[in-house]
Amino acid sequence: MIINFEKMEGLGNDFVIIDDRKGAISKDHDQEKNSFYAELAVKLCSRNFGIGADGIILLLESEKEDAGFRIFNSDGSEAQMCGNGMRCFAKYLFEKKIIDKKRFTVETLAGVVIPEVITNESGIVESIRVDMGIPAFEPDQSSFELSVNGQSFHLTAVSMGNPHAVIFVNNLMDTDVELHGRAIENHPKFPEKTNVEFIEMVNPSQMKMRVWERGAGETLACGTGACAALVAACINEKSERKAQIELKGGTLDIEWRASNNHIYKTGPARSVFTGNIEV
Ligand SMILES: N[C@@H](CCC[C@H](N)C(=O)O)C(=O)O
């Protein structure tokens, strides 16, 4: 079977986008659609034997919203949401004229997310702002100590639909993201596993972040992770409700609005190439 795809990236967090609204790729797999998508993710995301990506994103029909979105990590696990992937997805829908408005609704496993493409005078998409909804955490119980690799970490657990464990460190470059990220991702405390964000505060409106993603390892950026980081920084009284988060792949602007409790994330997205692949 030949699959048409678009390879996109948001701050170096990269995805293979596939339009499966009409079941073009999954129609022969109705009984085991989830495992079909999971295996496809593993194949396509391989940087040696496939296209190479942190995940695949499927455009699907939605009964209630303007579009349906599913994301599978490079190891084949399905995530509820993906912040950088959502900006890529929004740009894809807008530029391909699949949706003819700048602000629209997307159905995800984490609920409805509302992206808005921001264009210049020539109509070129410059950035995408996403209303990521309301973060979830348990007041007074979301921060706790966890011991891994003989070291104790103070974590703040925040859900952006998908799980995040945020850790504040003094020096990001000295942090062994792979060693500790992997151990925390797979710790029994997190039965669904977790994404792990390591944060170095620069000032109350600026922080640096490295991320170990559930199902993908260290990536250059994580949009839901950046939102979780701002929430954790606010809960721990380290930050204002608006901050710039500097990741390995670039910078995101995150705002946690007091008026409606929603998180807004703004950043770029780029198409890298289009192609087709036989699987
Ligand atoms: N990179 C993403 C998050 C992708 C899903 C994550 N690995 C999970 O399993 O929850 C982002 O930009 O949010």
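In case you wondered, yes, glycine gets a Cβ from its N, Cα and C as well.
Automatic prediction, not curation, is the source of TrEMBL annotations.
Taking the Cβ of N13 (substrate binding site) as centre and 10 Å as the limit, one finds 30 other Cβ atoms among all the protein chains shown. What TrEMBL records for N13, N73, G83, N84, N162, N195, E213, R214, G223, T224 is substrate binding site.
Contacts of C82 (active site) defined by a Cβ separation under 8 A and a same-chain sequence distance of 6+ are given as F15, G55, I57, I71, N162, G223, T224, in order along the sequence. Secondary structure at C82 (active site), taken from DSSP and collapsed to helix, strand or coil, is coil. Annotation source TrEMBL lists active site at C82.
The active site, proton donor annotation in TrEMBL covers C82.
Per TrEMBL, the feature active site, proton acceptor maps to C222. Every protein chain shown contributes to the tally, and the Cβ of C222 (active site, proton acceptor) ends up with 36 other Cβ atoms within 10 Å.
Distance from the CA of E213 (substrate binding site) to the CA of C222 (active site, proton acceptor) is 8 Å.
For G83 (substrate binding site), the same-chain residues 6+ apart in sequence whose C-beta sits under 8 angstroms from its C-beta are G10, V130, M132, M160, C222, G223, T224, G225, A226, C227, K265. For the recorded site, N162 (substrate binding site), the DSSP three-state label reads coil.
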